[in-house]
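To keep things clear, I will list the structure first and then write my remarks on it.
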Amino acid sequence: MWPPRFPPPRPGMSEETRQSKLAAAKKKLREYQQKNSPGVPAGAKKKKKIKNGHSPERTSASDCQSAENVPTDHTAPAPPSTAAATMFLGVVPSPDADLIQSHDAGNCSNLMEETKTFSSTESLRQLSQQLNGLVSESTSYINGEGLTSSNMKELESRYQELAVALDSSYVTNKQLSSTIEELKQQNQDTLDQLEKEKKDYQQKLAKEQGALREQLQVHIQTIGILVSEKAELQTALAHTQQAARQKAGESEDLASRLQSSRQRVGELERTLSTVSTQQKQADRYNKDLTKERDALKLELYKNGKSNEDLRQQNSELEEKLRVLVAEKAAAQLGAEELQKKLEMSELLLQQFSSQSEASGSNEQLQQAMEERAQLESHVGQLMESLKQLQVERDQYAENLKGESAMWQQRVQQMAEQVHALKEEKEQRESQVQELEASLAELRSQMEEPPPPEPPTGPSEAEERLQGEVEQLQKELEGLTGQLRAQVQDNESLSHLNREQEGRLLELEREAQHWSEQAEERKQILESMQSDRTTISRALSQNRELKEQLAELQNGFVRLTNENMEITSALQSEQHVKKELARKLGELQERLGELKETVELKSQEAQGLQEQRDQCLSHLQQYAAAYQQHLTAYEQLTSEKEALHKQLLLQTQLMDQLQHEEVQGKMAAEMARQELQEAQERLKASSQENQQLQAQLSLLVLPGEDMDQEEQDEEVPQPSLTIPEDLVSREAMVAFCNAAIARAEEEQARLRVQLREQKARCRSLAHLAAPVQSKLEKEAVVPRDMGDSVSEESNQALHVAMEKLQNRFLEVMQEKVELKERVEELEHCCIQLSGETDTIGEYIALYQNQRAVLKARHLEKEEYISRLAQDKEEMKVKLLELQELVLRLVNERNEWQGKFLAVSQNPADVPAPVPTGSQEFGAADQQGDLREVSLADDTEPAQGEAGVPAPQENPTAQQIMQLLREIQNPQERPGLGSNPCIPFFYRADENDEVKIMVI
């Protein structure tokens, strides 16, 4: 009977439940071994079968087979008797008994059925042998070997009995065959159920096997190691028992040493806790010192500023002293002069008193009295100023005394702090020396040579003690590392103390310097007091000089202020002048270009004026010729009235033709018809009329075309209006650019118009040339020919000349207006370009300032983000440190519990035989997953017998590393490598940082 299965331990199972289950499994295994202890060969047989891979069920089946085959093997081949037949029949098992045995056997039902069938065939074989014996006897009887009747009767009775037995055996065989079939069906059903259960069980095993395979491998390795150690331990058991008696005293010594070492470890832990608390206090004290250092830095900064202010005040006071010394010298000179004047005035008074009849004595007396009153008032003012100076001197001396007392108190406080730090340093050094001495003692105790061991192997108690000693050595090494870290921290603290001592020395030097300055100031004040007597004598005579000095000082201050204002104004004006010079250079370039264009235009205008003068001279000639022709035309009034009316109608029709093309064509046809009729009527004047009409058509058509072009070209002058909704500079720049573009377009259009006007003037000149030549020819023609010229042609010429003259004047006036407009537009363009340049410069300055401010803002944001990141990192490190400390405390508590258990129960060491049972129990606790052969697995390496030592716990090293990182943040690549603005920050309740930049 195998021990019951135990489920594998859960990963979250506690240590106590695991130990209780292990104890229960060990008890059950011991009971099982006690039960199976008498049947040792059976156990060996089971071990062999386990090794060969067979199950115990097969052993039971083989036992059943051997038990049933025994009677068949021992039956004799002789013909049996009735008793033997009955015995044989009794040997055959009944089906009910077979069923009960199959149900009791469980897994060996198939083997039992095989034994049943085997026994029935054996019985049939025996019956056939008996029948063959009877047949052989009958044949012998037939051959002559006669028998008696009694034998025959016996044989017959025997035969009858055998027949009855055959019938009964036949019936029993049928029953057995039916029962065998039923059992086969049941066996098949049970086999199917078993296969299903096996499949389910295999699936469960496959699921559980993956999780438990690693544990099984570990247990297999440990079992192999223990099996390999079992023989050695059994052989060494006697030796160890003898050695145990010898080493009982040694174990007691070791126990006493362990107790002393534990006490020492407890003391070391206490000292370490005290050192850690002292270190925390030192860290807090360092933080307080850093805060005080920052406050002292601020105070030093403020004191430096106050020093600078005081130095400036000292320099001002020295200058005032120099001025006062100069005033004193001048006052002494003035006093001497005034004494001389007084003597002279006294002499004059005596003279005036002696000469009472003198007329101007009263006036001189009044002047002397006025001068005396002025001197007295001046003396009063000087006394008041002296009192004010004394009050200021007293206040300054009191301030100096208060500052010197404050600095002395600060120096005393810093000296006391330095003294306290020195005492703490000495205490820590003494503690470190004591710890080092205790460590040296422990090392000497650990390094003492152990007593010679017997040839037999060490006991488990000694191994455990050695393991505990090694663990204690490791803990001592950890404590030594912590002590070294503490020593390093103490060295860093001593270094900080040295730095603070140096700073204190610097502060003391500054205080001495201040005291020396105070002494110098006292000397200056004493000298001022000594000079006070002399100044008080000269105060009565220094009023006028002081007033002059005050006036001069006021004038000097005014001049300095004016000079500063003038210099600032000059700088601004120089900047403006530079900009204006640059703009003037650009404007001069533009003006040069415009001057060139204006010169070209002026040359063109001069050419046009010359053409105008020529045209006017021609027109005057035309007017003279016209007056000559008028005298000739007066005679032809009666005959030419109708023609004149027709010409007027014709001119009107020509005007309509110019404005309306279609009507003009019809009117032209009508005029041509009327002209043809008139030509028929006036054959004499037809040639002259045709010439005049041709000239009029040449003169009138371009003039009217020009009128139309003028009407078409009369465009309203664009007025430059600045909108009121311009707020931003960008909109102003866009508006200026648009206005400049419009002005350039208008300038181009005006240039095109000028070119067209020039072309028109040229065409008019070309038109006027033939008219002028004709007039000159007509002037040369005699009066007789002039009589032939019609009056209507002269009138038409006169009208054409008037139109031409008016058109020329209008063209010139338009040209002048266009020039003025061009100049205005150029002026507007210059102004707009200047404004755009200034706006562009302002925009560039604004962008530069904005970029600088943005860069500073980005730097501040980066610095704040770095500080926040450092703060988060410190929080994470503190959390890690807390977790590591808790872990270290838990581990130490566990080790202390183990040590206490070992020290309280040093003799409760288990024997080597129960260790094997323990391992078997642990193996059985994991579950009967597969059968392991334990008989032949006795060949593992001897080096694997020892249990591997536990790994070092790195929590203490991590704690020390985190403490170093927290104490020395400069080791991390942070803000120390980058230059930054010094400022102090403090997080409030909402974790918001308020920054005070210095």
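Note that Cβ sites are derived from N, Cα and C of the backbone, with glycine treated the same way.
Of the listed residues (Ser37, Ser55), Swiss-Prot tags Ser37 with phosphoserine; the rest carry no such note in the record, though that does not show they lack it. As stated in Swiss-Prot, the feature region 'Interaction with GORASP1/GRASP65' covers range 988-998 out of the listed 757-767, 823-833, 900-910, 988-998. Secondary structure of the compositional bias 'Polar residues' (271-280), assigned with DSSP and counted as helix (H, G, I), strand (E, B) and coil, comes to 10 helix, 0 strand, 0 coil. Most other Cβ atoms within 10 A: among the modified residues Ser273, Ser438, that distinction falls to Ser438.
Remark: secondary structure over the region 'Disordered' (246-288) totals 43 helix, 0 strand, 0 coil, with classes taken from DSSP. You'll find the Cα of Arg18 (dimethylated arginine) roughly 18 Å from the Cα of Arg30 (dimethylated arginine).
Under the DSSP three-state reduction, Arg18 (dimethylated arginine) is assigned to helix. Every protein chain shown contributes to the tally, and the Cβ of Arg18 (dimethylated arginine) ends up with 13 other Cβ atoms within 10 Å. Geometry remark: Arg30 (dimethylated arginine) versus Ser273 (phosphoserine), CA distance 48 Å. Here the Cβ of Arg30 (dimethylated arginine) has 13 other Cβ atoms within 10 Å, regardless of which shown protein chain they belong to.
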